[in-house]
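Colleague: Look at TrEMBL and you will find 208-401 tagged as domain 'Major facilitator superfamily (MFS) profile'. Taken from TrEMBL, the feature transmembrane segment covers 7-28, 34-53, 65-85, 157-175, 211-233, 245-263, 270-289, 295-319, 331-349, 361-381.
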């Protein structure tokens, strides 16, 4: 049940970005402004989310998530009201900081519960693959729903529905106490082989994590640029309402690939599979720039999406192989954070290029980000291969740590 609650609580992550772009663009008439507000919201989430996750690791999920849920709801409702009243842009940015900063990373919270509930590595791999597929399902439904609501009902409808689903799912998730992982006592050292070394102040400082985070920043830049560029391209084609369906094709390809990937037991090195995924993603994204109509774009996005879920699954597994158990939630949150930072950067850059040139300029931003992602993964490969180790928490009773 916690997985179902987490899925509903994650709906805002696929609706808030495109919903903010559609709402602000409708009220203010600028993709640059829309992308900037969306970027501020996502960056706020990215900056605060790991700190919230660290707090969760120290005190437990329920004590932290309830007040954060209240703040996030307040911020999103305030953003809707301010945009509807066409308030000064500074007001939008302020409310976006509040809404984004309190949003949290339910994907990492759900995965932390799985790591507590499942002990056997292969089952944990399947659980992570399932959650990545849930992420993609959310990204299939969310953009379509947000686009239909914002274009066929009122511009702010997408964010209002995101508020309802996020609040309801968040409350349902938090109130499930039985599956909440207990607080793991922090250790003074982390065993590496037979040598005990001082633990890092944060999961991001664990060897291998900074490079892994940079790869996900570049990946997030792809996602942010593609979101804004797809909306603009659909508008240029006279079918703005179809942008959600095109984005859903991107997520659908990822969903199918995630299910297939999770059903197989892999023996090849995790770091190698992760790097190959980024190369496939970069090659596919490069084709977006050449799409001449929405049908071609949707097809190419569906095929390219097949690289997303396996790469994210492997990335989360790399985090679990790198960080100590008492930093797991924070470590997983850094994946979402890095993608969020990149998404904000991509939305902003794509918005600027689209206003200055056209939608294809936004896809060019995505293409450059794609190859940056692959290049960073290649640079990180030796470090990830050297630092990665068998996933410890899957075979360790966390109540005994």
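Sequential numbering from 1, following the chain as shown.
Heads up, the Cβ atoms here are built off N, Cα and C, so glycines get one too.
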Colleague: Averaged over the whole of the domain 'Major facilitator superfamily (MFS) profile' (208-401), what is the pLDDT?
Modeller: 82
Colleague: Which listed stretch (7-28, 65-85, 157-175, 211-233, 270-289) has the most C-beta pairs under 8 A with the transmembrane segment (331-349)?
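Modeller: It is 211-233 that shares the most Cβ pairs under 8 Å with the transmembrane segment (331-349).
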Colleague: Count the Cβ pairs between the transmembrane segment (7-28) and the transmembrane segment (361-381) that lie under 8 angstroms and are 6 or more residues apart in sequence, then report whether there are at least 3.
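Modeller: They do not touch: fewer than three Cβ pairs between the two stretches lie under 8 Å.
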Colleague: Check the transmembrane segment (34-53) against the transmembrane segment (211-233) for contact, please; criterion is three or more CB pairs under 8 Å, pairs 6 or more apart in sequence.
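Modeller: These two segments touch.
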Colleague: Considering only the recorded stretches 65-85, 245-263, 361-381, state which has the highest number of Cβ pairs under 8 Å to the transmembrane segment (295-319).
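Modeller: Looking at each of 65-85, 245-263, 361-381 in turn, the most contacts to the transmembrane segment (295-319) are made by 245-263.
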Colleague: Which listed stretch (65-85, 211-233, 270-289, 361-381) has the most C-beta pairs under 8 A with the transmembrane segment (157-175)?
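Modeller: Out of the listed stretches, 65-85 contacts the transmembrane segment (157-175) most.
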Colleague: Can you work out which residues elsewhere in the same chain, 6+ from the ends of the transmembrane segment (65-85), have a Cβ less than 8 Å from its Cβ atoms?
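Modeller: Answer is 12, 16, 20, 23-24, 27-28, 41, 52, 56, 91-92, 95-104, 109, 155-156, 159-160, 162-163, 166-167, 170-171, 173-174.
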